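Okay, so TrEMBL annotates it like this:
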DOMAIN    22-72  domain 'NXPE C-terminal'
DOMAIN    253-734  domain 'Cas1p 10 TM acyl transferase'
TRANSMEM  269-291  transmembrane segment
TRANSMEM  325-343  transmembrane segment
TRANSMEM  355-375  transmembrane segment
TRANSMEM  396-417  transmembrane segment
TRANSMEM  452-468  transmembrane segment
TRANSMEM  474-494  transmembrane segment
TRANSMEM  506-526  transmembrane segment
TRANSMEM  561-579  transmembrane segment
TRANSMEM  600-617  transmembrane segment
TRANSMEM  659-679  transmembrane segment
TRANSMEM  685-709  transmembrane segment
TRANSMEM  730-750  transmembrane segment
Amino acid sequence: FKGGDTCEYLLSSGRFLGEKVWQPHSCMMHKYKNSEAKNCLIDKHVVFIGDSRIRQLFYSFIKLINPQVKEEGIKHGNIPFEDKSASIKVDFLWYPEVNGSMRQRIRSWTEGSVAKPHIIVVGAATWSIKIHNGSSEALAQYKINITSIAPLLEKLAISSDVYWVLQDPVYEDMLSESRKMITNEKIDAYNEAAVRILNSSSRNSKAKVKVFSVSKLIAQETIMKSADGLHLPESSRDTNAMILMNVYCNKIMKPIDGSCCQPQPPLTLIQKIAFCFFTLSIIGYLIISLIHRNNYRKNKLCTDLESGEEKKPAISTPNVSTLEILLHCFCKLGLIMTYFYLCDRANLFMKENKFYTHSSFFIPIVYILVLGVFYTENTKETKVLNREQTDEWKGWMQLVILIYHISGASTFLPVYMHIRVLVAAYLFQTGYGHFSYFWIKGDFGVYRVCQVLFRLNFLVVVLCIVMDRPYQFYYFVPLVTVWFMIIYATLAVWPQIVQKKANGNCLWHFGLLLKLICLLTCIYFLSYSQGAFEKIFSFWPLSKCFELNGNVYEWWFRWKLDRYVVFHGMLFAFIYLALQKRQMISEGKGDPLFSNRVSNVLLFISIVSFLTYSIWASSCKNKTECNELHPSVSVVQILAFILIRNIPGYVRSVYSSFFAWFGKISLELFICQYHIWLAADTKGILVLIPGYPMFNVLVSTFIFVCVAHEISQITNDLAQIVVPKDNSTLLKRLLCIAGFFSGLHFFSAMQDQSRH
């Protein structure tokens with residue numbers, strides 16, 4: 001990595017992804033909407049000076065502010081534009097040659113009380129070549145004129161943003177007879193003169209004229225599509241305007257997916273405290289390791305010099321202390337969090353925009369599915385949704401979701417709708433798994449609740465601190481956490497109905513169904529009453545957890561999108577366990593789940609239902625309308641998959657250990673991808689090895705998976721210490737956790753106050 005300003009890369013280098021998507025070298029370019037452009041340029045004055053090519057850039061720029069603008073101005077004259085709602089002025093000044101007239105206009109801004117424009121975009125050369133028939137005298141005069149203008153531009157660059165646009169190449173075969181003297185060789189000579197002269201006298205880095213050379217690269221790829229061989233096609237000049245907008249606005253608007261020209265965010269108070277904590281943990285662990293190593297050296301095998309025999313001292317290996325385990329975990333976690341920060345907060349590694357193609361999504365999907373088949377093994381038990389099978393299900397779903405994210409497949413609606421079913425299936429498993437546990441075990445103790453909450457939230461809480469992100473940003477964890485608490489509250493509230501109690505009296509089954517009906521009614525009410533939902537989650541301290549950008553709308557939208565599927569999972573678990581208790585299903589190895597006739601009918605219906613949903617999802621035209629139907633119909637494909645996977649005895653008796661391995665760390669994979677596989681908070685792709693996309697994905701994926709696996713182990717180790725089984729010790733730990741969050745809230749309040 002060469003270091004330096006990403007603005008230089010944005011202005012000078014890049015490549016096309018496909019035909020129209022421009023990818024700057026090393027950073028991500030934000031696509032500005034009209035409202036964002038207005039907010040950035042409010043009360044600003046922008047001036048474009050030059051010939052017809054600069055006029056093209058002027059029109060593309062003002063269309064970012066107002067798309068309704070038509071190119072109806074005078075061709076060889078000045079063109080004003082004003083947006084009164086945002087007090088934005090953008091002017092085009094017709095100066096087709098770098099001469100005394102252009103110099104006089106620029107000088108007027110450096111002298112007297114005339115208000116200086118905030119942005120100045122200058123460029124001209126082709127008219128000089130055309131009028132003087134490409135003579136060498138014209139080039140010499142061009143150099144003299146630029147030399148006289150350069151100090152004025154550098155003076156303006158102290159307080160304004162000044163850009164010199166290099167001349168784009170032409171498509172010589174398409175040029176008219178009157179323009180045949182404009183050759184790429186002469187254009188290169190004029191550009192070389194401009195680059196050599198501009199900033200040659202500047203000693204102040206702030207007084208530099210920014211050379212807009214990226215337009216040349218874009219033109220080299222697209223000038224063949226030009227209508228006259230001289231002017232760029234509309235898509236290319238729109239790209240240039242968007243680059244110009246990114247150069248100026250990214251440092252003001254700070255878009256998440258616009259890493260170009262954005263400075264590294266300063267460390268917050270909480271981040272500094274976290275850094276000190278992890279540093280002390282690493283130092284503490286090293287000290288303990290050195291002490292143990294020293295003790296080992298003293299107690300190692302010693303040689304009796306007289307007899308030549310080795311004597312082993314009778315010393316037993318001491319048990320590893322709780323403090324050492326803690327320091328070891330926090331030492332590893334500190335190193336991992338440093339990598340997280342360097343990847344997605346420091347401007348150390350490159351980031352690139354996503355670009356979707358069908359091959360970039362479907363080829364990896366086919367590859368991992370084929371790979372998973374090669375790791376088929378027999379399950380330890382053959383029950384419906386046994387542990388190996390659910391791990392396998394989570395594993396392949398997580399891998400598909402990861403490929404979906406890195407390929408940018410959310411832009412393709414049929415894929416988006418199928419991925420929504422996978423997310424719903426995770427929540428279905430949440431409802432199924434937690435209901436089954438509480439129903440069978442009847443364990444509503446605090447220990448169980450704390451264990452689940454710790455395992456779900458530990459990594460996210462650490463990332464909120466280290467990466468300075470709100471809890472709701474990692475939306476899936478809040479979602480499963482809230483649904484776990486809803487399941488717990490539904491079953492734990494009086495009367496507590498569990499399987500043991502229900503077996504004694506069948507009426508308890510109706511009592512549980514009544515509870516589930518009440519839960520469904522509450523879900524239905526909250527899904528259609530945004531106001532009531534927002535009131536519940538706007539109370540402190542819930543508001544601190546569930547607000548995003550100052551409101552809880554995003555949280556309501558996420559919750560509403562899969563509002564019924566957890567209930568469906570609970571209901572499925574209840575029906576399945578009731579059938580299992582009454583021995584109405586056969587779960588022996590190799591046996592079909594029901595009688596042959598019933599199994600065949602259900603299998604046929606499941607396959608038809610599965611394909612019907614896929615056809616419907618693939619024919620979706622409107623995302624909003626499909627999202628409205630999704631909560632009610634997603635369960636169709638989930639249940640169809642469960643039946644297809646479990647009705648045939650052989651299929652139920654095997655699983656893919658490859659997918660199951662990933663399933664065990666699926667939560668960590670889902671969360672870690674935000675910062676060390678993707679970039680810019682999932683908006684882009686992390687680039688560790690530029691120039692080699694496939695090799696980069698292999699390396700970053702290997703590190704990403706290893707880190708997720710390590711964090712899973714750290715979480716399990718810490719869960720044993722932080723959430724002990726002894727109730728009195730657990731109470732003390734909970735008081736410590738309450739103190740930790742109180743301190744976190746205090747420092748957060750201090751942080752917010754200093755920001756304002």
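The backbone N, Cα and C atoms fix where each Cβ goes, glycine too.
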Within the same chain, where does the transmembrane segment (474-494) have neighbours whose Cβ lies under 8 angstroms from its own Cβ atoms, ignoring anything closer than 6 residues to its ends? I mean 6 or more beyond.
423, 426-427, 430-431, 434-435, 438-439, 444, 449, 452-453, 456-457, 460, 463-464, 515-516, 518-519, 545-546, 554-555, 558-559, 562, 566, 570, 667, 670-671, 674
Counting CB pairs under 8 Å, which listed stretch among 325-343, 396-417, 506-526, 730-750 touches the transmembrane segment (659-679) the most?
396-417
Could you give the residue numbers and ranges of same-chain residues that sit at least 6 residues beyond the transmembrane segment (685-709) on either side and whose C-beta is under 8 angstroms from one of its C-beta atoms?
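For the transmembrane segment (685-709), the sequence-distant neighbours (Cβ-Cβ under 8 Å, at least 6 residues beyond its ends) are 25-26, 336, 339, 343-344, 349-354, 406, 665, 668-669, 672-673, 676-679.
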Give the nonlocal contacts of the transmembrane segment (730-750) in its own chain as ranges (CB under 8 Å, at least six residues past its ends).
269-270, 273, 446-447, 450, 465, 541, 544, 722-724
Given a Cβ distance threshold of under 8 angstroms, which distant residues of the chain, six or more beyond its ends, lie next to the transmembrane segment (396-417)?
354-358, 360-361, 364-365, 368-369, 372, 423, 425-426, 617-621, 623, 626, 630, 656, 659, 662-663, 666, 669-670, 673, 677-678, 682, 685, 697
Mind checking which residues reach the transmembrane segment (355-375)? Cβ under 8 Å, same chain, six or more beyond either end.
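Residues 17-18, 21, 23, 396, 399-400, 403-404, 407-409, 411-412, 415, 656-659.
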Helix, strand, coil: count each for the residues of the domain 'NXPE C-terminal' (22-72), based on DSSP.
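Helix (H, G, I), strand (E, B), coil: 22 helix, 9 strand, 20 coil.
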Over the domain 'NXPE C-terminal' (22-72), what does the predicted model average in pLDDT?
94
